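Trainee: Per TrEMBL, the feature active site, proton acceptor maps to D235. The ATP binding site annotation in TrEMBL covers A11, S12, S13, G14, R15, T258, Q303, G402. The feature substrate binding site is assigned by TrEMBL to A79, H234, D235, T236, N295. Marked as domain 'Carbohydrate kinase FGGY N-terminal' by TrEMBL: 4-241. What TrEMBL lists as domain 'Carbohydrate kinase FGGY C-terminal' is 252-440.
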Amino acid sequence: MKNYIAIDIGASSGRLLHAQLYGEQLALKEIHRFANSFHHRHGHDYWDVDHIFAEIVKGLQKAKRLGIESCYLGLDTWAVDYVLLDQKGDRLEEVYAYRDKRTEGAPEKFHAKISREEVYARTGIQELPFNTLYQLYVHDRNQLCEADKIMLVPDYLYYRLSGRKVNEVTNASTMQMLNLRTREFDEELLKLLSLRRDQFSELIEPGQSLGMIRPELARQYDLPLCELVVVPTHDTASAVVSIPVQEGQSWAYISSGTWSLLGAEVAEPINHRAAMEANYTNEWGAFGTYRFLKNIMGLWMIQEVRRESDNAYSFSELAELAAAEIPFLSLIPCNDSRFLNPKSMIAEIQSFCKETRQPVPLQMGEITRCVFDSLALTYFDALRELEGLLGRAVEVLHIVGGGSNNELLCQLTANVIGKTVQAGPSEATALGNIAVQMISSQEVESIRAARELITRSFSLKVFEPEPICNLDQVLERWEKLVSHS
Ligand SMILES: Nc1ncnc2c1ncn2[C@@H]1O[C@H](COP(=O)(O)OP(=O)(O)O)[C@@H](O)[C@H]1O
Ligand SMILES: C[C@H](O)[C@H](O)[C@@H](O)C(=O)COP(=O)(O)O
Ligand SMILES: [Mg+2]
């Protein structure tokens, strides 16, 4: 029986899961989980990639102690952030976190050199201030010139495990530097950044093998003999692979974790002006698909509210507290940049409500209810835009990732959008990661077969829309709030 290990590192936690195929069912078991977050040092926000790598090694050691002598191994993380390497392959400096404030105003400066329209026509990528393009634009020039290689975080972790340097395409597309037509780094953008193509590595599609884990690593730490398979290393790309789509469904998804990524799987990019104005993106998907989606602030806001309350409540307790509150009392424009990385999320939420003469949420349930109500309304707006851009109605919204465990938010979303919500799997990213490994090992023949296997193997919850009294008034108030933010 083949062993598959997925390492999924999101912005709030990393996890290592083991999967095996038992007949027609896929069994998944969590072996290791660790908290992940960026740290504020010397005025900036950084990831601790050495700690992340140490946790990966710890997880693989646990796997070996559980009797997993050999396995396939795939790894995915969040997007856009990168590591600078010198010629010896050593890291040149700390790894900036995308929420660091250094990119504030960077898009405006960059687009003085080349228009937004031109960049969107070339890349089809939504404008987020922390895209790699803008991060590199503000990065210290001397450091960049010194860099022999620029690798996104998962590429770097694969390199430390395998010794191979590659840029996997689904995550590379989030850099906003890949040209949709040539499917290569855009030469004009490289020139504007004064970067050379050879500072990046070979672009590689998911599904290919990078060979075995470095033998010295396996020996030193007593690790399983892993064959490293390049999976969709952008966590959202892996999550989309595992969406339990039913035949004939007109479907869309929300990959719901730290971020809520709301979108559809399309065969060709949609990068016309209307898509740009709606700030929809064309991140590359597995097997030549595209992820036509939009970033929504997501459960980051709940994570911060929880952290500021010293983690006094579990995520399910926060949802229960919110469920007892009056709906749609206070609302916030989730995607406003003020919520990207405020000193205090609670204070920022309360300030907005005060500024807009809404009831100011004070109790924990009031605060989390405000976030969940506002997220559901933000999903409503984004889904309506998506249907317009796709030119088709969506019948079912799949919510996958940790947020699929939040039954209040899933029901609220179904009620506001007036459509069926299908929730789960919670570990969609890891399952998509494993699915691509299984396709590569030929134990599963296609994404379609993988989705059927996942649908058979994991329980999903269906939320049918329930009527909301005075929804029209809520939407009217919401539109005013969002249009003025
Ligand atoms: N039992 C639960 N009830 C409510 N929400 C949950 C539950 N479990 C997880 N979540 C939500 O899922 C989020 C984490 O999702 P996850 O996909 O693991 O995030 P990431 O991959 O970004 O680290 C948490 O911030 C929390 O809001
Ligand atoms: C910064 C990116 O927009 C972000 O990484 C997003 O693309 C993503 O992958 C979020 O994944 P989480 O699991 O951290 O929500
Ligand atoms: Mg995630």
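A Cβ is built for glycine as well, from the same backbone N, Cα and C atoms used for every other residue.
Because the structure is a prediction, the values reported are computed rather than measured.
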Trainee: Taking every protein chain shown into account, which of the binding-site residues S12, S13, T258 has the largest tally of Cβ atoms within 10 Å of its Cβ?
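Mentor: That would be T258, with the highest Cβ count within 10 Å.
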Trainee: Would you mind reading off the Cα separation of H234 (substrate binding site) from G402 (ATP binding site), to the nearest angstrom?
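Mentor: Per the Cα atoms, H234 (substrate binding site) and G402 (ATP binding site) stand 16 Å apart.
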Trainee: Going through the binding-site residues A11, S13, R15 in sequence order, which have a CB under 6 Å from an atom of ligand 2?
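Mentor: Close enough to ligand 2 are A11.
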Trainee: With an 8 Å cut-off on Cβ distance to the A79, H234, D235, T236, N295 Cβ center, who else from the chain surrounds the substrate site?
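Mentor: Neighbours found: W78, N171, T174, A237, S255, W259, L261, E283.
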Trainee: Inside 8 A of the center formed by the CB atoms of A11, S12, S13, G14, R15, T258, Q303, G402, which other residues of the chain have their CB, for the recorded ATP site?
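Mentor: Surrounding the site, in chain order, are G10, A35, N36, G257.
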Trainee: Let me make sure I understand the span of the substrate site: among A79, H234, D235, T236, N295, what is the greatest distance between any two Cα atoms, in Å?
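Mentor: Output for substrate binders A79, H234, D235, T236, N295: max Cα distance 14 Å.
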Trainee: Using the alpha carbons only, what distance in Å do you get between A11 (ATP binding site) and A79 (substrate binding site) once rounded?
Mentor: 10
Trainee: So which binding-site residues out of G14, R15, Q303 are up against ligand 1, CB under 6 A?
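Mentor: Going through G14, R15, Q303 in sequence order, those close to ligand 1 turn out to be Q303.
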Trainee: Within the set A11, S12, D235, Q303, which recorded positions show a CB-to-ligand 3 distance under 6 A?
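Mentor: Cβ < 6 Å from ligand 3, in sequence order: D235.
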Trainee: Whole-number answer please: how many Å between the C-alpha atoms of Q303 (ATP binding site) and T236 (substrate binding site)?
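Mentor: Rounded to the nearest whole number, the Cα-Cα distance is 19 Å.
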Trainee: Spatially, which candidate from the recorded positions A79, D235, T236, N295 is nearest to R15 (ATP binding site), comparing Cα atoms?
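Mentor: Among A79, D235, T236, N295, D235.
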Trainee: On the three-state reduction of DSSP, what should I expect for A79 (substrate binding site)?
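Mentor: SS state of A79 (substrate binding site) = coil.
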Trainee: According to DSSP, folded down to helix, strand and coil, what is G402 (ATP binding site)?
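Mentor: DSSP call for G402 (ATP binding site): helix.
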